[in-house]
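Trainee: Here it is: the structure, laid out below.
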Amino acid sequence: MQRTIKSFFQPKLGAEVKTKEEKVKNDVQKEKEEPEKSVPERPLKERNGRALCGDTESPVKRVSKKSARVLESDSEEEEENSKVQATPEKMNNESDPKNDVKETPPSARKETPPSARKETPPSARKETPQSARKETPPSARKDAKSEGASEMNTSQDFVSPCSSKSIDSPLCSDSPGISPSGIPKRKTARKQLPKRKLEISPSESNPPKDDFDVKGAVKRQKKEAEGDIQQEEPMETSHNISMEEECPIKKETNPDVVQETISNADDPNIELVDQKDVVSGEKQSEPKCQEQPQPKLTSPTVEPKASKGKARKKNSPLPKKVKFSDKVSFKDNDSEEKSNEEKSDEEPQKKADSAKPVKQISSFFAPRKPAIKTEKREENLNEKNVTETSLEESPKPKKNVGSFFGASKQEATEEQTEYNPSKSKYHPIDDACWCNGQKVPYLAVARTFERIEEESARLKNVETLSNFLRSVIALTPEDLLPCIYLCLNRLGPAYEGLELGIGETILMKAVAQATGRQLEKIKAEAQEKGDLGLVAESSRSNQRTMFTPPKLMASGVFGKLKDIARMTGNASMNKKIDIIKGLFVACRHSEARYIARSLGGKLRIGLAEQSVLSSIAQAVCLTPPGRDAPPTVMDAGKGMSADARKSWIEEKAMILKQTFCELPNYDAIIPILLEHGIDDLPKHCRLTPGIPLKPMLAHPTKGIGEVLKRFDEAAFTCEYKYDGERAQIHILENGEVHVYSRNQENNTTKYPDIISRIPKIKKESVKSCILDTEAVAGDAEKKQIQPFQVLTTRKRKDVDASEIKVQVCVYAFDMLYLNGESLVKEPFAKRRQLLRDSFLETEGQFMFATYMDKSNTDEISEFLDQSIKDSCEGLMVKTLEQDATYEIAKRSHNWLKLKKDYLEGVGDTLDLVVIGAYLGKGKRTGIYGGFLLASYDEESEEYQTICKIGTGFTDDDLEKHYNFLKDHVIENPRSYYRWDSATEPDHWFDPVQVWEVKCADLSISPVHKAALGLVEDQKGISLRFPRFLRIRDDKKPEESTNSFQVADLYRKQQQIQNTSSTEKAEEDFY
C-alpha cells in the first residue's frame, strides 16, 4: 500500500529502484511514447469530471493530474511549514493540481530520500489553517527550502481535491525532498500560489474532501498497482496540465464550458504537439541552464504570477503549457547537474514572485475564453512574451463579457451617434454609419436633419442631404424611396390622400404615456419651448429602460407612419397612440424630435422639395447607382474643376426637376432612376393622365404699368381671374375622369356633377386629355358667379349628386395634354385653340375663360373694372407666343395677376384691437407668432373677434409686439370679449392697442363674431388674408372699426352686390 501511494504521487517512478540516469532516460522515453498510446484510450466521457474516478481509464487517475496536484500542494505547504506547521487538510483545499505537475520533475522526485519526507508528521500538517498559507511572507518561503521533508509530505497529501484523506498516510510523503531538483519545485509552487488560492472555492475546501478525495486516492492506488504508470506520464505535457487545472473549476462552472475544454484536450493533434514541445524544451534548455541559469529561472517564475487568475479567466491551457514545458526541462537538467548555484539564484526570484500575486486576485471573477483560441495565439511566443501577453490580455475577457450585455451594440450606437453627413470630403461607404446590405438606421436620418436644421445656407444643406443619399444609394438602394419621403415628410403621392391626422393633443398624450411623464407637464413644456418635438426628445432622453428596444430603421419608421395614416374606425385612435408610443420608446437621441414633428405635419428644418430634388440629382451624379453593390464609382465628379462640377450637377438637376414636373410621383421616378440613371429619365417618365401636375402660378403686380413694362412688345392676353378653386381635370383613355386640386389632392368625389358633364361637353376626337380649369360657385339661372365662401360650403368628400345645393361651373383656360401628346412645350396661343376645338361650351356648366387680346392701357383698365363687376378677383395677363410654354410647378413672370386688393382705391383698411396671441413655433419660438383681433361693438360695448393674423410682420415688429403685450397678459378673457372656443389664444390681453390691417376681402364666418347677426343671422364676418400695416397709436380701443362699419364694408364688395340683388328676389318670392 505504501509503495502504491508513493508511485501514485510520483508518476515517473517504476516498480523497481533504478539509478538516477536510468530514471531520467525512462522518463524521456515515456514522454515520447505515451501520447500516442494514451490518446485513443481516453474517451471523452471519462475525461469529463472527476465523478468517474472509479474507472481504470478515468483521467482522474492519471498520474498527470495527481502529480500536478501533489507538486503544487507541495510548494504551498513549503511556505506554510516555514511560518507555521501547516494543516494538510486546509492546504489540500487550496492546492492547484495543475501547478504541482508543472513544478515537479520526475528526477527530483526520485532522489528525495524517504527520511526527508517523513520529517513532518501528518498531524502537524492538519493544524495549519487556510489563512496561514495566504499570509506566508517571502521570507518564510526562503526558509522553507531547508524543510524539504515537510514540504514533500504536504505536497503528496494533495493528490487532488478528490483525495484529501491520503494526507494522513505517512507513506504519501515520498515526494522529492531537499535535493537540488526539489528547490525549483518549491519555487514554482510559490510562483503559482496566488493562482491556487483563486481557484479554490468554498464548496471544495471543506466537507467534500473527506468523502470524495479518499475514494479518488484509493482508486489511484489501485491503478498504480495495476501498472498504469506509463499511461499517466503524458500528464507532463502542458495540455494535460491545463486539463488538471480546470478540474476544481469544472464543478462550479457551466457544464457546456467544461465539455468544450475537455473536447479540446482530447484532440490528439494538440496533445502530440505539446509533448514535442516539452521534449524539445528539455533538450534546448540544458545549455541555457548552465550558461544563464538565472534568466531561465526568471521567466517561469514571473509568468505564473502575471498570468495568475488571468489564464483561468480565459479557460486556456496554453500559458500553462509553455510554463510547464520550460519548468520540466529545467528541472530535469537540475537533477542531472545538481547545481547549487541555481538554488541561490532562485531565492531572490522567489522574493520578487511573492510580491506580485495580490494584484491579480480581483480578476478572479472575470469570465474565461475558449482554451484553443488562446493556445494558438501564444504558442509561438517565447517565455518573456508569454509573461507580457498574459498581463496585457487580462482585460480582454472583461471586454467580451461587456459585449455579451451589449458592448458591441454600444460601439455601433456610438458610431451612429457620431454620423456627420455634412463633413467635407464625405465618403459614401467609409463615413456611413451602417454597412452594405443593412437597413438605413433612422438615427442617420435624424442626424442629417440635425445638420440641415443647424445650417441656414441652402447649398450646404443640399450637399449634406446628398451625402446621406449617396450612402443610401451605395449601401442600401432599396431604402432610398422611404428616406426621400421622410425628408419630404410625406407618405406617398399627394393624390393618394394618405394623411396622419394626428393632432397636437394626441401627440402630447402619446409622449406622456411613452415617457411616463404627466400630460400637464408635457403641455407646459411644449408651450414654453414652442416645439413638441423638442419636448419629446428631452422627455425620452431622461427616460431609463431595463432593456434596450430594437433600433429604429428608416424603412420601419416610414412603414409605421403609413400604418397610422391608413387606420380608420372608432378604435383607430387608440391603435395610433399605441404605434406612436412604440416609436417613442425606441427613439434614441434626436429621433424623438423628428418623429414628433413628422407626426405633427411639419419638420421645420427648412428643407423645401426643390432642395430635395437637387440633393437627389447631386447624389445620383456623384455616386451613380448600378447593379454592383456597392457601386464601383464613389465620386464621379472627382478631377473636375469647381465650376465644371457645379454646372454639370445643375444640368442633371434640371433634367430631374423637369421630369418630376411632368410625373410628380417618386414611386415611379426613383426605381427608374436607380435602374437607368438620370440621363434616361425623360425617356421613361412622361406626362401621364391620372397623375396630377403641379400647376403653373402667376406673379402679382402692383398695376397695369408694371404689366406693360414686363411684357414690353410681346403679345399678351388678359383673362378673368375667377374666384374659385383650381381644378385639374384628367380624362383617361378608358373613359375615367379625375379631378385634382392645385395641391394634387384627389377631389373626384367632391365634384360628381363635373364628372357627369365631361362626356357631354368633350368632342369625339378627344380620347385623353388634361385640362387646367377653375371650379366656381354660380347660379346658372341668374348667370352670376358667387363668392368663394359659397363654394366652401360644399361637402368635401363623397358628395351625392342628388344632395348638391351649391352648383359649380367649370371655367377652362388651358390644355396640357391631348390624345397621348404633351402640350406643355407648346405656346399658349396654340394650347388655347386646341382647348376650344376639343370641347363644347355649355352655359352655367362648362365655360371658357373670358379673355381680351389687347395691349392698350386704357382697354386693360376697363377690362379689369369689368372683371370686378363680374364678381372676379381681377385679371390674369399671359404671353401668347414668346416664352409662352406651360411651366409646371413654377410661379412664372410670364403669367401676371392683377387683383383688386393690390390696386389703389380698391377696398379699405380696418383698425382693429389686439385681444389675444398665440405662442410662436419654429423660428418664432419665444415670441408671439400670431394674434387674435377684434372689432368694437358700440351697442353691446364688447369686443368681437374678426380674424387671426400672422402675416405682414417683420422680425422687429414681432419682437416689439411681444415686449409690449407681455406686460398686459391676463389669465382669463374679459367678460366683454365675444369669441369662439375654436379661436382661443394662448394668452389673453387687455384691450390696449389698435392695429391698421388690410385684407383681400370680407366673408361670412360661423366662427368669428364681428357684426354678429347684422348681415346673416347667427353668423359674423371675418377678413380674408389680413396683413398687418402699422400700429395706430392715435386711436383708443373704443375708436377702432365698429361692427356697423364692418358690415358696411362687406356689403360694398362688388361680388356681394351682385348676389345681394338675387337674394332680395329670392326673399321676395319666398
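Any Cβ shown, glycine's included, is placed from N, Cα and C.
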Trainee: Of the residues LYS760, LYS762, LYS763, LYS878, only one is listed by Swiss-Prot in the ATP site with GLU719, ARG726, GLU774, LYS897. Which is it?
Mentor: LYS878
Trainee: Between 462-471, 562-571, 602-611, which stretch does Swiss-Prot give the note region 'Interaction with target DNA'?
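Mentor: Based on what Swiss-Prot states, region 'Interaction with target DNA' spans 602-611.
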Trainee: For the region 'Interaction with target DNA' (602-611), provide the mean pLDDT of the predicted model.
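Mentor: For the region 'Interaction with target DNA' (602-611), the model's average pLDDT rounds to 83.
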Trainee: Are there residues at least six beyond either end of the region 'Interaction with target DNA' (602-611) with Cβ under 8 Å to its Cβ atoms? List them, or say none.
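Mentor: Contacts with the region 'Interaction with target DNA' (602-611): 449, 452-453, 456, 458, 461-462, 465, 487-489, 531, 594, 657, 921-922.
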Trainee: ARG458, ASN743, LYS923, LYS948: which of these recorded sites has the highest Cβ count within 10 Å of its own Cβ?
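Mentor: Max Cβ neighbours within 10 Å, all protein chains included: LYS948.
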Trainee: Which one is it: of the recorded sites ASN743, LYS923, LYS948, whose Cα lies the shortest distance from the Cα of ARG458 (site 'Interaction with target DNA')?
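Mentor: Minimum Cα distance from ARG458 (site 'Interaction with target DNA') across ASN743, LYS923, LYS948 lands on LYS923.
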Trainee: For LYS923 (site 'Interaction with target DNA') and ASN743 (site 'Interaction with target DNA'), what Cα-Cα distance in Å is obtained after rounding to a whole number?
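Mentor: Answer for this pair: 25 Å between alpha carbons.
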Trainee: According to DSSP, does LYS948 (site 'Interaction with target DNA') fall in a helix, a strand, or coil?
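Mentor: SS state of LYS948 (site 'Interaction with target DNA') = strand.
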Trainee: DSSP on the region 'Interaction with target DNA' (602-611): how many residues come out helix, how many strand, how many coil?
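Mentor: Its residues divide into 3 helix, 0 strand, 7 coil.
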